[in-house]
């Protein structure tokens, strides 16, 4: 989906975000497990921008630290004073002074704009009429808080007006300004230099470049977007609303792709969750980041899954927890109140209940009895437990790592295993049972005499 013409992106992320009431920068709050800014960068990635410039301000250290972790090459510049969106974009000039292509302006708190929409916005600059500015427009359910765009029948802008300044006729228009726009670099910088701050807020507003272009007899146009794509986040309630919107869309996509969600509204996905066909997901299941679920899997209620790779025809839960590094092979079973971390459960193995498996490999066809614990941490280091194929681990066993249980071996219930067990061997590591005849009766009699 690479853009046909050279382009650069400017992402505005300098706002203080005070309405979030948080020590975390607003654009680093997570939507479906990924920071808001990460969504914007991810939408740009398939378009291969020549440059991506993030304009930071308040809390810039947090933003810059995050940018060091992303794959897309990004330059950050700083808006020292919060003097408006036009002033913020102007701070990117130093990073783009030699760039001759198109520039798209995006917002770090508007996370869901799609790559195809950004591409359409940029391509509109190169239609036959060669507009100076292309503005992303939308029609919200409640347009009262948005500025209006007055256009002719060919989507050429005639006027842009804030709601408070609009006439009754203009307020009846439902086409609104998202704030996102595309413009050629050689047009942007001169127009920005002409923006004035003679308004109630004393700020320099980016949309003013549209009216400046129109005043010079140049053209500006709109490109339509769905309202959900340009929904922004200013507070936690809006973040929750956007999370709900995204989750609903994801649930619909998962079901369209062939999975069954018994109670869709109770299942929560992350941005990168992959679900195969003929998967059944019961109510109240949570997917954290980096989860892949293959075809034919059943996930029972109240399971919590993150960082896990689940292969075909596996059964999970109910009340199972899969943590990062869990690899569950074909036809394995992970039952209720089982926790798996950094472990591989091989084909057909069963871990049915009340068990912790960490830093381990469970061989194909093995059975892990209820109450089994892999004791993988000695207070300083993690060690591994290796269990061979078709081994049987009796209930309430403690496997003290590092330790290897051979293929076909049997561990007697209640054992604490501290040494390797050879293949096909029986290991018993518990005190020998001793029965004392009539001891209980005598004990009760003594107690009654007191």
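Placement of Cβ uses the backbone N, Cα and C atoms for every residue, glycine included.
Taking a C-beta cut-off of under 8 angstroms and a sequence separation of 6 or more, residue 353 (active site, proton acceptor) has the following same-chain neighbours: 335, 336, 337, 338, 370. Secondary structure from DSSP puts residue 353 (active site, proton acceptor) in a beta strand. The annotation active site, proton acceptor is assigned in Swiss-Prot to 353 on the grounds of sequence analysis.
Secondary structure at residue 15 (UDP-N-acetyl-alpha-D-glucosamine binding site), as computed by DSSP, is coil. Feature annotation from Swiss-Prot assigns UDP-N-acetyl-alpha-D-glucosamine binding site to 12-15, 26, 79, 84-85, 107-109, 147, 162, 177, 234, 323, 341, 356, 367.
The annotation Mg(2+) binding site is assigned in Swiss-Prot to 109, 234. The DSSP secondary structure for residue 234 (Mg(2+) binding site) is coil. Its Cβ placed at the centre, residue 234 (Mg(2+) binding site) has 14 other Cβ atoms within 10 Å.
Listed in sequence order, 358, 383 are the same-chain residues at least 6 apart in sequence whose CB falls under 8 Å from the CB of residue 377 (acetyl-CoA binding site). Annotated acetyl-CoA binding site per Swiss-Prot: 376, 377, 395, 413, 430, in sequence order, evidence recorded as sequence analysis.
Averaged across the region 'Pyrophosphorylase' (1-236), pLDDT in this predicted model comes to 94. The feature region 'Pyrophosphorylase' is assigned by Swiss-Prot to 1-236, with sequence analysis given as support.
Sequence-distant neighbours of the region 'Linker' (237-257) (same chain, 6+ residues past either end, Cβ-Cβ under 8 Å): 20, 29, 31-32, 111-112, 228, 231, 264-265, 267-269, 273, 275, 277. Among the features that Swiss-Prot reports, region 'Linker' is placed at 237-257, with the record citing sequence analysis.
Per Swiss-Prot, region 'N-acetyltransferase' is recorded for 258-450.
For residue 109 (Mg(2+) binding site), the nearest neighbour among the listed binding-site residues (12, 84, 162, 367), judged by C-alpha distance, is 12. Around residue 413 (acetyl-CoA binding site), the C-beta neighbours below 8 angstroms that are at least 6 residues distant in the chain are 369, 394, 395, 396, 397. Residue 162 (UDP-N-acetyl-alpha-D-glucosamine binding site) sits 19 Å from residue 234 (Mg(2+) binding site), taking the C-alpha atoms as the reference points. Applying an 8 A CB threshold to same-chain residues 6+ apart, the list for residue 15 (UDP-N-acetyl-alpha-D-glucosamine binding site) reads 26, 57, 58, 82, 109. Farthest C-alpha pair in the acetyl-CoA-binding residues 376, 377, 395, 413, 430: 22 Å apart.
Residue 395 (acetyl-CoA binding site) carries neither a helix nor a strand DSSP state and counts as coil.
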